[in-house]
């Protein structure tokens, strides 16, 4: 009688664990589906005909990888137990795939950030640029190389391999929490804070003078500037507050979110942390940084600036004389949000 009760308890325990695992798989499905919808929304909101750069193509590859992960999870969840090409797939492979993706995403932040910096430096510093087709081919192979390199490192690292091998199918699926995105967020928020403190008086003055109106079917912010200001904006001190207002005018909610995450030390799984809004935030930050460091080389009135998917930097730099613009006769500087 006791043996029968023991078997019943064991069977009920396995059913309970299986039910928990299925609930966890459904939650994973909803999370990744939500991330894909966020990717689609972000890609749909960005400006069209933007400058082609490395981060643009990497965002597309990330969206494709998320979609591929969702398809794999859906197939395994539907069939639960099947054999493909001699490999048996069960619902426990969902956890395995998520773990591999988490490790891969967690190690992508530094190399992607570094290559994006190099890409913008080369685009802004070299007078002769590669043809558009050559740039696209170069970006394509660079992204393929990054994905293969990081995935090879993840699968070949002994510590990660042991972590994946020691996975207990009846326990809750663990996820990798990456440190790279934390330190990148910390660095960018710190730089923004230092820049704001350095030029806080100019920023406050500009914000107080800002007015909101409509021009050429776009919502714009405009503020007066002195008539003796240089049109090339070659002064870093003059440019910094405009960059800060332009950047925070678009990304302030995201910056506040980063501050909250950093202060509360929220642990976000790496497969969620690497996302397209985050990459576009990094993209705008890099463009502003490159502009500020190289402002003495630029003539913002004449050069064709690369277009940010969310921030129109060129309208921040180019002064406009609009005699009939609400009867304002002096020059104004325009920021399109």
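The backbone N, Cα and C atoms fix where each Cβ goes, and this holds for glycine too.
Positions annotated as domain 'G-protein coupled receptors family 1 profile' by TrEMBL: 24-291.
If you look up TrEMBL, you'll see 27-45 (among others) marked as transmembrane segment.
Sequence annotations record features per position, and here TrEMBL assigns transmembrane segment to 57-79 (among others). Sequence-remote contacts of a segment are chain residues at least 6 beyond its ends whose Cβ falls under 8 Å from one of its Cβ atoms, and for the transmembrane segment (57-79) they are 25-26, 28-29, 32-33, 35-36, 39-40, 43, 89-91, 93-94, 97-98, 101, 112, 116, 136, 139-140, 143, 146-147, 271, 274-276, 279-280.
Taken from TrEMBL, the feature transmembrane segment applies to 91-116 (among others). Residues 21-22, 25, 28, 53-55, 58, 65, 69, 72-73, 76-77, 80-81, 142, 146-147, 149-151, 153-155, 160, 163-164, 167, 169, 173-181, 184, 269-271, 273-274, 279, 282-283, 286 of the same chain sit 6 or more residues outside the transmembrane segment (91-116) yet have a Cβ under 8 Å from a Cβ within it.
The transmembrane segment feature in TrEMBL is assigned to 137-155 (among others). Within its own chain, the transmembrane segment (137-155) has Cβ neighbours under 8 Å at 52-54, 57-58, 61, 65, 100, 103-104, 107-108, 111-112, 115, 130, 161, counting only residues six or more beyond its boundaries.
Positions annotated as transmembrane segment by TrEMBL: 175-197 (among others).
Positions annotated as transmembrane segment by TrEMBL: 243-264 (among others).
If you look up TrEMBL, you'll see 276-295 (among others) marked as transmembrane segment.
Counting Cβ pairs under 8 Å to the transmembrane segment (175-197), the stretch among 27-45, 243-264, 276-295 with the most such contacts is 243-264.
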